[in-house]
Amino acid sequence: MELGATPMTAFLILVCLSALLRGEGGGLKLNYYSKSCPRAEEIVKREVVKLYNEHGNTAVSWVRNLFHDCMVESCDASLLLETTDSLISEQSADRSFGMRNFKYVAPIKEALEKECPATVSCADIIALSAREGVVMLGGPFIPMRTGRRDSKESHADVIDKDIPNHNDSISLVLSRFRSIGIDAERTVALLGAHSVGRVHCVNLVGRLYPTVDPTIDPEYAKYLLGRCPSPNPDPEAVLYSRNDRETPMIIDNVYYKNLLHHKGLLKVDQQLVSYPSTAQFVKLMAADNSYFYDQFSKALLLLSENNPLTGNKGEVRKDCRYVNAG
């Protein structure tokens, strides 16, 4: 047996090692629960649909949960942990401002525990509910691998380092996504999730006061000033603007069309048009919704498989809010 390796073999080994080091879905697979809990994905879908019919805005929350969980260290459901004597919840961080509907994770988990006790992780609930949430919002079905396990600790201390802020420069935002293997094209696609939901005035007033950001379309600026009439909005009040006024509950490429007409809601959105390495993709996605869906699907998959806990790492929480006793 020869000890040497061909250049191609060496290259393939390096690629595999690189993927493992980045945690690209290691240990995850499609239909992971096919034997241990065959109806797991069906149950998640059933519960997500039920919650959507009762509280339509939950679909947006599922997609946002995936982003906030997986951008911080690992796709490990650390986001769902509540503050205790020994742990500070990630939900209390400034970057988590405006997030809600965490309580609706409970009925999904309860249904799974009833079917298959101590089997389906909260991290996989986040991934699968996001997948179903995208569908409920008119987007593409994205096959997701499962087999994630849950963190026993919060990562609240590194949230500011890992999650880009809406007022950050686009170069910084791109570098954050690049660090988990998402390139510029797919970052542009992932930000297309901003085509649904709403943004609180707290996150908008920086573009409106003391003077209006000159990159905002004047008529759109009038609308935003009407929605956010004070430079000091009450964070507890319901003061917000829709991300997309035309199709506010559909994930689609209207978001990119709005950017080309200077109707980006957040600073990070509008910067996509002026930055050389992203502007081309904004134009392509504005022109072709299928292309946007293709890149969005690939980006969401990469995000959902960022450095997951698998095998014997972590645990499967009985209650997504707390680490298991003992």
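Glycine too: its Cβ is placed from the backbone N, Cα and C atoms.
Curation plays no part in TrEMBL annotations; they are all automatic predictions.
Candidates considered were C201, C320. The record in TrEMBL pairs C228 in a disulfide bond with C201.
Looking at the candidates C37, C75, TrEMBL gives C75 as the cysteine bonded to C70 by a disulfide.
Checking the binding-site residues (D244, T247, D252) against C116 (disulfide bond) with a 10 Å Cα-Cα cut-off leaves nothing. Summed and averaged per residue, pLDDT over the domain 'Plant heme peroxidase family profile' (27-324) gives 95. Excluding D244, T247, D252, which define the Ca(2+) 2 site, the same chain contributes S195, V196, E246, P248, M249, I250, I251, N253, V254, Y255 within 8 Å (Cβ to the Cβ centroid), listed in sequence order. Taking the Cα of C201 (disulfide bond) as the reference point, the closest of the binding-site residues D244, T247, D252 is D244. When other Cβ atoms within 10 Å of the Cβ of C122 (disulfide bond) are tallied across all protein chains shown, the result is 28. When the alpha carbons of C37 (disulfide bond) and C75 (disulfide bond) are compared, the span between them is 21 angstrom. Looking only at Cα atoms, C228 (disulfide bond) sits nearest to D244 among the binding-site residues D244, T247, D252.
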